[in-house]
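Peer 1: Copied straight from TrEMBL:
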TRANSMEM  64-83  transmembrane segment
TRANSMEM  124-145  transmembrane segment
TRANSMEM  157-175  transmembrane segment
TRANSMEM  218-239  transmembrane segment
TRANSMEM  276-301  transmembrane segment
DOMAIN    318-454  domain 'RCK N-terminal'
COMPBIAS  918-935  compositional bias 'Polar residues'
REGION    918-971  region 'Disordered'
COMPBIAS  951-963  compositional bias 'Polar residues'
Amino acid sequence: MVDLDSEVPPLPPRYRFRDLLLGEQGWQSDDRVQVEFYMNENTFKERLKLFFIKNQRSSLRIRLFNFSLKLLSCFLYIIRVLLDDPAQGHGCKELNRSCSNQNYTPGTIDWSPIIWVNRSLPLWGLQVSVALISLFETLLLSYLSYKGNIWEQILRIPFLLEIINAVPFIITIFWPVLRNLFIPVFLNCWLAKHALENMINDLHRAIQRTQSAMFNQVLILISTLLCLIFTCICGIQHLERAGNRLTLFDSLYFCIVTFSTVGFGDVTPKIWPSKLLVVIMICVALVVLPIQFEQLAYLWMERQKSGGNYSRHRAQTEKHVVLCVSSLKIDLLMDFLNEFYAHPRLQDYYVVILCPTEMDAQVRRVLQIPMWSQRVIYLQGSALKDQDLLRAKMDDAEACFILSSRCEVDRTAADHQTILRAWAVKDFAPNCPLYVQILKPENKFHIKFADHVVCEEEFKYAMLALNCICPATSTLITLLVHTSRGQTAPWEAFRQLTGTKQTLSRESPQSSEQWQKMYGRCSGNEVYHINLEESTFFAEYEGKSFTYASFHAHKKFGVCLIGVRKEDNKNILLNPGPRYIMSSTDICFYINITKEENSAFKNQDKHRKRHESKLSYHGASRLPVHSIIASMGTVAIDLQDTGCRTSSGPTLALPSEGGKEGRRPSIAPVLEVADSSSLQTCDLLSDQSEDETTPSDDEVSAGLEYAKGYPPYSPYIGSSPTFCHLLHEKVPFCCLRLDKGCQHNYYEDAKAYGFKNKLIIVAAETAGNGLYNFIVPLRAYYRPKKELNPIVLLLDNPLDDLLRCGVTFAANMVVVDKESTMSAEEDYMADAKTIVNVQTLFRLFSSLSIITELTHPANMRFMQFRAKDCYSLALSKLEKMKITEEDLWIRTYARLYQKLCSSTGDIPIGIYRTESQKLTTSESRETASQSQISISVEEWEDTKDTREQFNYRSNHRNSTSSDQSDHPLLRRKSMQWARRLSRRVPRHSGKTAEKISQQRMNLYRRSERQELAELVKNRMKHLGLSPAGYDEMNDHQNTLSYILINPSPDTRLELNDIVYLIRPDPLAYVPNTAPSRKDSFCNTVGQDTREETQL
């Protein structure tokens, strides 16, 4: 192949030297053509069109000049009328006519005063000048607007009016005898109205105001009414020159009276032309004005639906936030408004709601309440349109909240809409703080630019998991983050706090139950923050350890210090431990009834009297809820188990008594500065627990060897790596199916696996990525290995699958709300399927601890529903736990606080208490009657069974109906007794018959429970499962549980109390390592933490 470079000969040296000297100039001699574009706009017509029509500002000036000309012509006409005196003649001398001043005679009309008027020469010159300019402008605009149809331009009403009012004046220039001819110049008011409409349109276009239909319609209506009145005034005044010779004021009076009433009769037209004009004007008004009013009413209704605009002046002088939602429900609205306006600093803020749908009737009624109508503005529009964002003045907003709809069938699609809204708001107003709620965790990384992101599934699954570890964790978090005032505040302060009707309130001081009063007092505790150097609570603890400050602040003031935040760091350190030294610049986060600023201190009484503020929540603290949840992995200390255990376990160890019997155990004091020798080592990274150093034979045989580390794979982008228990080797996928065997094992039910710990069953519709946040806290690194519960994922929940997965020996059953049932025609029916499923589980396995998710809080009353349980109808159903009898060696909450701070550095924040429920008189009688059923019925039994029945009766006398399912004989006998009672002839009185009827109902009720138990047992036998583990129905109607947040130091500890703790993070003080990561479910945050805690 020939080289291409060899085919092109090189240039001679002189050409190359010339190109070097001339450079780019050598190209100027080439054949280049200069092209000019948009030549059509360079014509004279296009330039005029650009100046008069297309250019916004110049066309606005032209229309303003035209409007001024029309007003000037009307003003000149009024001057001519005022200067005209009919007594001096009618201006017809030029025609040599006899124009003597004649009085009006009925039946005759002198037309000369109507045709001719007196017009002075200067006034005529001004009117001619105005007419010439107006006609020239009209002809020019008609020429520029010409589109091929000349008749369309000529037959327009504005063009015809211009010809009528301008051409006669031009004719009088060439024919002076017509100078005093009457010309209806007052009709220029309609041309002024037309020019005003065009001028306003150009004005709105120039200032880029698009939502101006309402203003335009109001302006058109007012201008139409004024033009009708002005035309009627001038017309009647001129026609009556041949009649009563009314003045302009008399004509004005007549028109106003006639249009507003039927007239008074003192001023009336005398000749038929003026009467005809009045009739015509009234007919025109009856046709034109209703049309204008109808259009105005339609626009007003549309504006009410769309919400109008939030003015720029208000946005710059007032403070407002924008709430963006896809659909607005009354529950969502009230929850947001109540929590937002809970802070006193936010009372002057306005809430602008931007929603693409119309307001429903409930929302409209609520927003009409004066408390909300003055602070809430509803705008119908989309966050994806810049025009709607401009209407809401998003660029001037203090914050923007974007909330997702939980009741969507396709939650991924709902997240996509939320993401687009967040992008649109960030693009339009990059400096506006953005708060976003997302549903699925895998979509969270799209909106990392937002200031705050809350993922519902992360939060939900973390709460469900922590409820499995410690009961009522969700209730604890709910009470901390929701605004309430506790029982100590006056009752009037609660009555209209939310603007809605309140039923039984948790803060109700009118409760007769002691536990309700204590629960009400403690439920008002919330999280606040304050600078240490400005605080009376914590200022004296500068330079001391965190645990010392927390214990003594609680002992002295009753406040619970739970965390701090350094001045130069945005992360909150929850219980940084006894090694953390308090600094004057630290921001302290504490739990209390109210913030310190609203409290008064009386040192002489050695106690503090708390004055409640109207609204408690300190919104500026911004304590993340998921940070609190992440700090409660092993938050429970079960005081019923006081045996000696290792210090790293979740139970308090009973201190030794030094060999002296009867001596009260002592508690070490809390040191101001941590001493390593005085603190119990709590290194959860090392294998110091008994279960880790000496694994059991069962664990060895099963091959369950755990290692602590980070999961090798992340389920979705944005999930934070979490330090937890891991298996050394990955389990094959085939072994994950519990009900089917594989080549590695042949187990087909949970019983065959021989789990030592009870199961945790999760009933969900699909295995989504959010389950990662459920598994992580249950496998957190700080949990002892022997306390790790097996987790079973149940994707379908018929009875057979429930029995196979081991529901009979499960510790907890977690029922996740199914996404396919969240959308319902009736809002509150979204939980119907979940409620019925939970009720079925409760009836079949009443001893099972069930944890479920509900969409609407009002449906909580249907959990474990009993139609005839009077106590549960009055109170919401609370979680229960078994009652055991153990002695407590710690008497009060203050001593427990001291013990925890001095030993392990834990911070207690509340108590989960279980008590016996007091039965009412009717319930006691019913229970007594149930316990005496066997005695009453046995009177009709044969004497041959007397001894057998007496032996049974002596065992049954002290039992309740729920305990009778333990005796197979009772079920057979009870059915026999019921049949006999039904066949007996009534031989007793009415009172005895009523008693027998009640006993019969109790027997049938008892037999129903027995048959449910038989149903489950027979099904287990049919599936080849052993029914030995099935716990028969036991109704726990005599116990209730509740939470005490930050109780007073002198609160007595009772049996079975569970204490919520925030434990120090051992990863925070690992020496000679890289900066520690903050575990997403770690108890606290260390000094070197990650930027955010994620669930």
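For all residues, glycine too, the Cβ spot is worked out from N, Cα and C.
Those TrEMBL annotations? Automatic predictions, nothing curated.
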Peer 1: Return the stretch with the most CB pairs under 8 A relative to the transmembrane segment (218-239), choosing among 64-83, 124-145, 157-175.
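Peer 2: Selected stretch: 64-83, with the most Cβ pairs under 8 Å.
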Peer 1: Checking distant contacts: for the transmembrane segment (157-175), what same-chain residues at least six beyond its ends satisfy Cβ-Cβ under 8 A?
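Peer 2: Sequence-remote neighbours of the transmembrane segment (157-175) are 73, 124, 127-128, 131-132, 134-135, 138, 142, 181, 183-185, 187-188, 190-191, 194.
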Peer 1: Counting a contact as 3 or more Cβ pairs under 8 Å, with residues at least 6 apart in sequence, do the transmembrane segment (124-145) and the transmembrane segment (64-83) touch?
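Peer 2: By the criterion, they touch.
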Peer 1: How about long-range neighbours of the transmembrane segment (276-301): same chain, 6 or more residues beyond its ends, C-beta under 8 Å?
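Peer 2: Contacts with the transmembrane segment (276-301): 213-214, 217-218, 220-221, 224-225, 228, 231-232, 235-236, 239, 258-259, 269.
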Peer 1: For the domain 'RCK N-terminal' (318-454), DSSP counts of helix, strand and coil?
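Peer 2: Its residues fall into 59 helix, 31 strand, 47 coil.
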